[in-house]
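Have a look at the structure below, then the notes.
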Amino acid sequence: MYSSRTATTTAFSTGRSASTILKTLSGGSPSSVGFRPATVVFSQKWTPTQQFHSTPSTQIKEFFPEHDNPSIRKTEASWAHPVYTFDQMNNVSIAHRETRDWSDRVAKLAARTLRMGLDFVSGYKHDKAIALNAKDPAAANQKYGMTEKKYLIRNIFLESVAGVPGSVAGILRHLASMRRMKRDNGWIETLLEESYNERMHLLIFLKMGEPGWFMRLMVLGAQGVFFNAMFLSYLISPRTCHRFVGYIEEEAVITYTREIADIDAGKLPKWAKMQAPDIAIDYYNLPEGRRSMRDLLLHIRADEAKHREVNHTLGNLDQREDPNPFASVYKDEGRPHPRKDLKYLKPHGWEREDVL
Ligand SMILES: [Fe+2]
Ligand SMILES: [Fe+2]
């Protein structure tokens, strides 16, 4: 098994890094700077040395380099990622949970509004593209076609806000548990783990492209507004907030499904040849031969499908009294029940009576 730590160290010592990919994306011409490390990454059979030896040494700055401490060999992820099989990931599908009450409608409206903002930022006009595609596919592709760069901007923006709800909810439940002097029943860890997982998605995409000042400003503004909005909303109606996150995750599954489909359709030639960054190989423990960008997107989409299930389920529960079904041991383990992996994935979430 290859050690990504070795690869990373090699990268620093030679002064070459994956941030070149981002330089490409953030301004350089694709043929010159932008996807140069990708040329390394594009190689048919990936090896750590290949990745870092085919680009001339320059003063390229690693976007967030690992610290090379004298005594520490490696810092492990706090939450090990659950194992997903490729069959399970291929079965992940787009789904929508119909609204059932006013709380759901408010959540859906908020999710749609956020999605419109995201569409605007990333220049994503899927509905218009579909309409034009029916009449003139070439024109639709030219006018609305998404490129690797556009998708990367969308993913970075999406993931930069996606990690907010879990952390806000986790903090608030943590404080509530101490304030009320009551157990939390296992929700906090799952919420923080979700937030951690979203941050890992962000860090992975940041290894492919470094956002410019405008993007950073948008992220800063969005995080400032979103954190405070989530904080207040979660105090008022945590159930609505979980439903809102469920709807956001439905959108995330749609986005990643389209990215995978676009790779398969030959619309993203750079990503089709690109390998997953080291940080992703480590986090997902990607096996040899399954480290492509497509394999990575399959994992990330599966994570989003899991968040969709978790939040729709939490939105069905009594927020104060019910235990977290994803952190529970069941009396009859043979019966399908919520789990951390994809064994019994439920796109619309579990109903309360089915899990308690
Ligand atoms: Fe994510
Ligand atoms: Fe997510």
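Keep in mind that glycine also has a Cβ here, set from the backbone N, Cα and C atoms.
Quick look at what TrEMBL annotates:
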BINDING   Glu159, Glu198, His201, Glu304  Fe cation 1 binding site
BINDING   Glu198, Glu249, Glu304, His307  Fe cation 2 binding site
REGION    311-356  region 'Disordered'
COMPBIAS  330-356  compositional bias 'Basic and acidic residues'
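Of Glu159, Glu198, His201, all annotated as binding-site residues, the residue with the shortest Cα distance to His307 (Fe cation 2 binding site) is Glu198.
It is Glu304 that, of the binding-site residues Glu159, Glu304, has its Cβ surrounded by the most other Cβ atoms within 10 Å. All chains included, 24 other C-beta atoms sit within 10 angstroms of the C-beta of His307 (Fe cation 2 binding site). Secondary structure from DSSP puts His307 (Fe cation 2 binding site) in a helix.
Listed in chain order, the extra residues whose Cβ falls within 8 Å of the Cβ center of the Fe cation 1 site residues Glu159, Glu198, His201, Glu304 are Leu158, Ala162, Gly163, Asn197, Arg199, Met200, Leu202, Ala252, Ile300, Asp303, His307. Apart from Glu198, Glu249, Glu304, His307, the Fe cation 2 site neighbourhood in this chain, defined by C-beta within 8 angstroms of the site C-beta centre, holds Ala162, Glu194, Asn197, Val245, Ile248, Ala252, Asp303, Ala305, Lys306, Arg308, Asn311. For ligand 2, the nearby binding-site residues are Glu249, Glu304, His307; that is, of His201, Glu249, Glu304, His307, these have a C-beta under 6 Å from one of its atoms. Reported as a whole number, the C-alpha separation between Glu159 (Fe cation 1 binding site) and Glu249 (Fe cation 2 binding site) equals 11 Å. Just so you know, the Cβ of His201 (Fe cation 1 binding site) picks up 25 other Cβ atoms within 10 Å once every protein chain is counted. Calculated from their C-alpha atoms, the gap between His201 (Fe cation 1 binding site) and Glu249 (Fe cation 2 binding site) amounts to 13 Å. Secondary structure at Glu198 (Fe cation 1 binding site), as computed by DSSP, is helix. Within the same chain, residues at least six positions away from Glu198 (Fe cation 1 binding site) with a Cβ under 8 Å of its Cβ are Glu159, Ala162, Gly163, Gly166, His307.
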